[in-house]
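Taken from TrEMBL as is:
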type	residues	note
TRANSMEM	75-94	transmembrane segment
TRANSMEM	100-119	transmembrane segment
TRANSMEM	179-200	transmembrane segment
REGION	210-239	region 'Disordered'
COMPBIAS	217-233	compositional bias 'Polar residues'
TRANSMEM	286-305	transmembrane segment
TRANSMEM	325-346	transmembrane segment
TRANSMEM	358-377	transmembrane segment
TRANSMEM	432-460	transmembrane segment
TRANSMEM	499-522	transmembrane segment
């Protein structure tokens, strides 16, 4: 029951994440501004509210927490799908949509999607950090089996869900895709509720009261910690969004006594800025370990647009790649990640941890160099000029248009300006430039996952057990802040022709990570 429930939840999450990226790309074919705004909003919400949500999970009975997070996530996705459907219908029926209405609908869509992401993170805490521990009766072997099974389910949905929803949105349209995601969420809601209740009834330990803890959330370096690869993200990034667990280590002193209402309010404010507190207070301990260099190398990998996130999807869509093709490529990238998990033990036995890290990041740099080369291949529109110059030149506009994933438009118009965004009816054929870039991103997944597994093991072996929490908190904070900075850069360089600048910056940070790993190995 618990595996089936996790499959349904993971499948829904993967479908929604990928379809959201396609939607953002379809309504803004000339700019990645919406994608950047969505990423910044999501990152800020997790940074500020993560610890508070984690504390709520700790204080809420298991069944209630699981039920509320499950219902909340599915209802929010269903609501967001309905708003997107309303927007597509409005655009198809009207020649012009008022600016205020357009931005209002965008704000509602982003708010609902970010809220569903918070519910997803809360659900991860409930099911994967509490329920399975109790179901295994804290037996390490059984827990390892369940954790690995959850990971395999995550990887399976990561490969297949984008392919499924990509084909639906490509060949049936955005409206049908929205209806499909909404109906799936509704049906999944009932099935997941039944499975949760069944698991709760079968396992007696789940009905036991939670043990009181000094800290609301305890960071750890487990399979799902902030320095482990995140298979639940849309973007094949590493476990960057687990800040829910990072700050709790620092608030134990605030909960030693029953706080007054005023103290409770103060605690909430402290938890809200827990990521920054973790970074500030733990930095001295963090830098005392030699593996700090590998941690900085890992953080460098977060400041990159060379992954399957909303930004890359938007750029690829603008160059004519269909959602079905992108979904297939995303699944292929996940396949390379799975391959890395199988080959990793053999590589470590032959080369050792440090050399494995150098090899892995070297492979990633080599593969991503294709992305840099692609900027000067035929079909690339990389011209590092100001956006004002682009607005005065229709050349750049015409090269960034694609309607395959665009919203449904009236058929009696060749080029229609809707709410400030131009959507064309002429299909753009993918050129060699975008194919080379995406090939580099896909191939780099092997090196990325291998490097990540290496750094995880280095932290596990070299960091003192009593200080893993604080070191993990600092690492998670660095990861999240670098990811936040990435979306900030996209916000200031949102145009399609400026994506090359982001690629070069990303490649520079990947090379920095490889250099730091080399320095660590030579020590």
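Any Cβ shown, glycine's included, is placed from N, Cα and C.
Same-chain residues lying 6 or more positions outside the transmembrane segment (325-346) and placing a CB less than 8 Å from one of its CB atoms are 18, 22, 155, 158-160, 162-167, 170, 229, 231, 236, 308, 313, 316-317, 356, 430, 438, 441-443, 445-450, 453-454. If one looks beyond the transmembrane segment (432-460) by at least 6 residues along the same chain, the residues whose Cβ comes under 8 Å of a Cβ in the stretch are 221, 225, 227-229, 236, 238, 291, 294-295, 297-298, 301, 306-308, 312, 315-316, 319-321, 329, 332-334, 336-337, 339-341, 343-344, 347-348, 353-354, 356-357, 359-371, 373-375, 377-380, 468, 471-472, 475, 503, 513, 517. Looking at which of 75-94, 179-200, 286-305, 358-377 has the most CB pairs under 8 Å to the transmembrane segment (100-119), the answer is the stretch 75-94.
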